[in-house]
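Take a look at the structure set out below.
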Amino acid sequence: MQIDEIFLSLQGETEFVGIPFLFVRFSGCNLRCSYCDTPAAFTISPTCHIHFHGQESFLSNPLSIEQLTTLLSPYQGYWLSFTGGEPLLQREALETCLTHLKGFRFWMETNGTLPEALSPIIFSHIDVWSMDLKLPSAIGKNLWETQERFFSRIAETGKTIILKVILTPTTTLEEMEEVWKHFLLWREKTRSLSLTFQPMTSEKKVIQSESLRWAYEKTLSWPDGKVHLIPQIHPILQIP
Ligand SMILES: Nc1nc2[nH]cc(C(=O)O)c2c(=O)[nH]1
Ligand code: SF4
Ligand SMILES: [Mg+2]
């Protein structure tokens, strides 16, 4: 498996912020979002950067499942996030991880654009799906139809799904209306759905935008606690 980095930190996004997470960052991505904060994961890296408690080491790619098991087994009981890049581009490697790594709670960080890569093994092991909503202003094309197919398939599993949308100065209010329309429609398909509006951060500061103002008002108007406006906390805390 081609892994860009493996590290332990606090979850810096969504309503799970502040709790310890292992991150396994898969190499390769099928998108090139304007706001991407992990461009290093676009390409396959010759080495995997491992950093735990400020100690770093490197392993040559590809990594074996035995290497991964040795590295992660002291952390059984922790949440483990498969992130990227886009982990579903390496479906077989992901399935190997899911069937061999024992004693973790699995979190899937996905751009939600590869419904054809989903499989029964993935469905049975992932506990929480964190799915980005990719807007045309950030990726240059409309992917709603594909994202709808992706969402419908993961919703059938009944697992927790967190939708995440990144707010940037180029995000339009029409796009925000579209996000909201989909959130309301998709809520009908599953019991455990929440939405995080995530304003972009740069230089440890939250970037102001009209979509951020819009999201603030929308979040205030929604009382059930399933809609959140939360910036990334890891750049602010200056942690990985
Ligand atoms: N602290 C921290 N929290 C995160 N939440 C999602 C991340 C990601 O890149 O997938 C991430 C990350 O890279 N670091
Ligand atoms: S999907 Fe994620 S990793 Fe890929 S380009 Fe977009 S933000 Fe970056
Ligand atoms: Mg990140």
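Heads up, the Cβ atoms here are built off N, Cα and C, so glycines get one too.
Where the annotation comes from TrEMBL, it is an automatic prediction and has not been curated.
Among the candidates GLY77, GLY85, GLY103, the residue that TrEMBL annotates alongside TYR35, CYS36, ASP37 as binding S-adenosyl-L-methionine is GLY85. The 6 Å Cβ screen around ligand 3 retains ASP37 from the binding-site residues ARG25, ASP37, THR83, ordered by sequence position. Nearest Cα neighbour of TYR35 (S-adenosyl-L-methionine binding site) among the listed binding-site residues (LEU10, GLN11, ARG25, CYS29, PRO240): CYS29. Note on proximity: among LEU10, GLN11, GLY12, THR83, GLY85, the binding-site residues of the record, the Cα nearest CYS33 ([4Fe-4S] cluster binding site) is that of GLY85. Filtering LEU10, GLY12, ARG25, ASP37, PRO240 by Cβ distance to ligand 2 (under 6 A) retains none of these binding-site residues. Only GLN11, in sequence order, out of the binding-site residues GLN11, ARG25, CYS36 have a CB under 6 Å from ligand 1. Between PRO240 (substrate binding site) and ASP37 (S-adenosyl-L-methionine binding site), the C-alpha separation comes to 12 Å.
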